[in-house]
Amino acid sequence: MRKIIHIDMDAFYASVEQRDNPELRGKPVAVGYPEARGVVAAASYEARKFGVHSAMPSVTAKRKCPELIFVPHRFDVYRAVSRQIQAIFAEYTPLVEPLSLDEAYLDVTENFRGLKLATEIAEEIRGRIRAETHLTASAGVSYNKFLAKMASDQRKPDGLFVITPKHGPDFVQALPVKKFHGVGPATAEKMKRLGIETGADLKSRDLAFLQQHFGKSGPYFYWIARGIDERKVKPDRIRKSIGAEDTFREDVHDLETARAGLKPLIDKVWHYCEASGIRGKTMTLKVKWADFTQITRSKTIVAPIASVAEMSEIAELLLSPIFPAPKGIRLLGVTLSSLDTVDDRSEPQLALAL
């Protein structure tokens, strides 16, 4: 049985800003820009109480929270703090799989400290993060990656939650599927239409049913409904692409609706690019039709895509020619590949595509 920890920094970007500027502490803070095209990169817990969250348009966030304070992002600082945190992880285990600047999986079944309890390691790490960075982290401890991820959400912020092998299956059965890692809003809505609202409902469906309705994701849903996840923690995972996709609630037939659906996907991918200091030269558009067949269209440029506006322009070049669409569009996705890193000197604004 493996011992897995999922560490998730609490409102990471916003917490760094509040740490470095005492005047922001205790106030609703959004990292991003307040302009009409701006997007919230991160929100403090004070802002989240008003319904503000990451990837929300700035104008919407300001409407929800008139007292919201916007601060420009400092991704060079966030990356530096992330490196501090990664250094702490490395003192306990070589099996660290970073998911982003602010979260990671650790396999501590065998660890450098010779500690038998993963909970003890998680508490040590949380304490060191607090002492060395003056930030808080939440941790989930369990026997696989899925449950460790679910556990870290249970006591946020600044908490620890453990899911043991004895309690794992019951925990999953009681959990709403919309809270499952890997189940997005569109998938949760589809599950609801199929009468699946809890882990118990999901477990009651056989593998053939889940494969019929969810394709390649079917086996994943089948096993996590039973508290089983065999994925290993993969250290130094080399990312070959950055992508985002979404399923429409109703099939899309017109270009304007497709454009509107593509905008948040472009923003999500660009947000990751800015946060990680990565850029890509090849952009791929994925279109899944109503009959589940799909096509992809790609464009490669000489220099890495340098802005969200440029990314939007390329997306338009790929999207427009498929209209008038021969059939309804079920899903759109956008991916950047041919990746490379950039230095910290140029950080364009996180913004919504025009």
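Cβ coordinates are placed from backbone N, Cα and C, and glycine is handled just like the others.
Over in Swiss-Prot, the protein carries these features:
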{"type": "DOMAIN", "residues": "4-184", "note": "domain 'UmuC'"}
{"type": "BINDING", "residues": "Asp8, Asp102", "note": "Mg(2+) binding site"}
{"type": "SITE", "residues": "Tyr13", "note": "site 'Substrate discrimination'"}
{"type": "ACT_SITE", "residues": "Glu103", "note": "active site"}
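The structure, with features from Swiss-Prot marked on it.
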residue: Asp8; record: Mg(2+) binding site; DSSP (3 states): strand
residue: Tyr13; record: site 'Substrate discrimination'; DSSP (3 states): helix
residue: Asp102; record: Mg(2+) binding site; DSSP (3 states): coil
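Among the listed binding-site residues, namely Asp8, Asp102, the Cβ with the most fellow Cβ atoms inside 10 Å is that of Asp102. The Cβ of Glu103 (active site) has His6, Ile7, Asp8, Met9, Ser152 as same-chain neighbours under 8 Å, each 6 or more residues away in sequence. Take the CB of Tyr13 (site 'Substrate discrimination') and look out to 10 A: across all protein chains shown you find 28 other CB atoms. Over the domain 'UmuC' (4-184) the predicted model carries a mean pLDDT of 95.
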